[in-house]
Amino acid sequence: MQTEQRTVKFSSLHGLGLAFQFLTILPIHQSFVWNLQTARWSIMNYPIVGFVIGILASIQVSMLEQVMNISPLILTVYLFSFSIIITGGLHLDGWMDLSDAYFSRGTNEKKLEIMKDSRVGAFGVLSVLFLLGWRFAFMYEIINGSDEFVWVLFLFIPFLARTGMVYVLIKAPLVKKNGMAFAMKEAVAPQLTAILIGYLILALIVSYFAGALLLVAGLIVGGIMFALISCRFFIKNFGGITGDMLGACVEGTETWLWFAGWLLLCFVTV
């Protein structure tokens, strides 16, 4: 019994470490074991990594906005930069590769070849400019409005984006039997969907005590919608998913949720 408990503890800690090393640039100078069990724990912890990123961002919002009284524009530039730097631009690469492949209008095989090409094309550059430009605009409008729930958006959007990514990993078929997406898919635990639901319930509980239940509920609905649409889009246009598509899903979800948050705060009483 004790041996089994030690094994579970070992796998969970290594899985958590792998998740942070893969999804962030946080300085974790430790080697972690990658096997079926640690990989399962790693995937389970992807939303937790998003929540930690959100905590770091929301703390900075409070400090810079209230303590240092920084202007809305400078605050937006700083937090926007932080949200990209903390991940090392990992998911943006997937977004650009996906854009180049999709707008090529080629066959599925041709699209996959384009996604494997390390070079970035014109469509990739244009699409990422639109993606980040709109995200920056929504962030600035929300921060400039000095809404009391700004920190809520910074806290929950990274969490929901990575929760959506894991959902897409669970539900969408694979395009190929190799690569990062294949390794992750092989490690998906049978109870992972139930775990994601549990995460969302906990998010609602936290938001209730923060007085932002309707706002977070709206974000959750928006995140679910985007994940479902992403699954359908990937299957229809590519026949399934790759690691690049999972990264693109994170980036797309974040911009979509900033848009949803802007709509909710501007036009809905939360």
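Backbone N, Cα and C define each Cβ position, glycine as well.
What TrEMBL records for 12-34 (among others) is transmembrane segment.
The annotation transmembrane segment is assigned in TrEMBL to 46-64 (among others). Away from its own ends, the transmembrane segment (46-64) comes close to residues 16, 19-20, 23-24, 70, 75, 78-79, 82-83, 86-87, 150-152, 154-163, 165-166, 196, 199 of its chain (Cβ-Cβ under 8 Å, at least six residues beyond either end).
Under the heading transmembrane segment, TrEMBL lists 70-92 (among others).
Cβ atoms under 8 Å from those of the transmembrane segment (120-143) belong to residues 65, 72-73, 75-76, 79-80, 84, 92, 95-97, 99-100, 102-104, 114, 150, 153, 251-252, 254-255, 258-259, 261-262, 265-266 of the same chain, restricted to positions at least 6 beyond its ends. According to TrEMBL, the transmembrane segment annotation covers 120-143 (among others).
The feature transmembrane segment is assigned by TrEMBL to 149-170 (among others).
Annotated transmembrane segment per TrEMBL: 191-210 (among others), in sequence order.
Sequence-distant contacts of the transmembrane segment (216-235) (same chain, at least 6 residues past either end, Cβ-Cβ under 8 Å): 152-153, 156-157, 160-161, 163-164, 167-168, 171-173, 200, 203-204, 206-207, 241, 245, 249, 252-253, 256-257, 260-261, 264, 268, 270. Sequence annotations record features per position, and here TrEMBL assigns transmembrane segment to 216-235 (among others).
Residues 22-26, 53, 56-57, 60-61, 64, 128, 132, 135-136, 139-140, 143-144, 146, 154, 158, 247-248, 250-251, 254 of the same chain sit 6 or more residues outside the transmembrane segment (70-92) yet have a Cβ under 8 Å from a Cβ within it.
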